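Presented below is the structure to which this report refers.
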Amino acid sequence: VLFILNAEPIRVLVTGAAGQIAYSLLYSIAKGDVFGKDQPLILLLLDITPMLPVLEGVVMELQDCALPILREVIPTDKEDIAFKDLDAAILVGSMPRREGMERKDLLKANVAIFKSQGQALDKYAKKTVKVLVVGNPANTNCLIAAKSAPSIPKENFSCLTRLDHNRACSQVATRCGISANVVKNMIIWGNHSSTQYPDVHHCKVNVQGKDMTAFDAVKDDAWLKGDFISTVQQRGAAVIKARKLSSAMSAAKAICDHMRDIWTGTAEAEFISMGVYSTGNPYGVPEDLIYSFPVSIKDKTWKIVEGLVINDFSRAKMDATAAELVEERDTAVSFLGV
């Protein structure tokens, strides 16, 4: 207890804090699932002005959870307050796609949001801040935020593809009748969109105490190269169709997994998927993108896993999702000066 009392609290921002992903996320963060059970927290909650009354309700509930490590909760609609001295920023809030909205219009609206938040990070946050972008289009929003915060290393920015990663692990686990935690080294390549490539070629599973490849465990190559991929790619849309709302519980869980891995590292010889800066990557992915790679993490620093053999099937899918990201980036960057 004395240790808890003496530890310096870290400052963690969640944006879109009155929304449904945040509602599933905040309790997990505040009870220590992400940054540690003995790491005191100050939570900063940013949302747009019309959402402030709702945010007050969220603050009341966080207070009523009576959590030992939650020192303070600060709701605000002001970037200078929200981004001050941050250790971690989870950028969930973005402009959702409305019916009849062109993708270009969606990009334009989000460029404005993430340019502004990138500039706020640059001006107010610690230079060591770890930034996770969740709001869609996540890869490109992340790139815009990083470009708008030149004094913060590009390596400090990542976007969420862990939900896709978890979805893929779960599909394989269900197919093999095993639990998801014994499915290791799944890879999501590319964009957090329907062009993403869930790759099982390097995936290991443990069946009845025996390690084997996903192909050997599943024993259905046609499924792994067909319906498995499309199921993972389309899963977000399937949830929306069923719930009439987008994935929130599973998105919040993936955010926790992603941030916890940044904070505490990945296990030896294991890797996970996250969208990171592509410049200098060993897989021939175009430079200057936020692209999902297999990464291992140590001392809060990610490294792209090297030396994985890429076959022609994988190469074509990796290139297709890269092409989409290049086009998205070029459109978004054209709005930056506007």
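For all residues, glycine too, the Cβ spot is worked out from N, Cα and C.
If you look up TrEMBL, you'll see His192 marked as active site, proton acceptor.
Annotated NAD(+) binding site per TrEMBL: Asp47, Asn110, Val134, Gly135, Asn136, in sequence order. Sequence-distant neighbours of Asn110 (NAD(+) binding site) (same chain, six or more apart, CB under 8 Å from its CB) are Ser94, Met95, Gly135, Asn136, Pro137, Thr140, Asn141, Ile144, Ala332, listed in sequence order.
Under the heading substrate binding site, TrEMBL lists Arg97, Arg103, Asn136, Arg167. The Cβ of Arg97 (substrate binding site) has 15 other Cβ atoms within 10 Å, all protein chains considered.
According to TrEMBL, the domain 'Lactate/malate dehydrogenase N-terminal' annotation covers 11-157.
Under the heading domain 'Lactate/malate dehydrogenase C-terminal', TrEMBL lists 161-335. The average pLDDT computed over the domain 'Lactate/malate dehydrogenase C-terminal' (161-335) stands at 97.
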Residue distribution over DSSP helix, strand and coil in the domain 'Lactate/malate dehydrogenase N-terminal' (11-157): 66 helix, 27 strand, 54 coil
Which recorded positions sit within 10 Å of Arg103 (substrate binding site) - Cα, from Asp47, Val134, His192: none
Rounded to the nearest Å - Cα separation of His192 (active site, proton acceptor) and Arg97 (substrate binding site): 15
Listed in sequence order, residues with CB under 8 A of Arg167 (substrate binding site) and six or more positions away: Pro198, Val232, Arg235, Ser250
Maximum Cα-Cα separation in Å among residues Asp47, Asn110, Val134, Gly135, Asn136, which the record lists as binding NAD(+): 16
Local Cβ density at Gly135 (NAD(+) binding site) - other Cβ atoms counted within 10 Å: 25
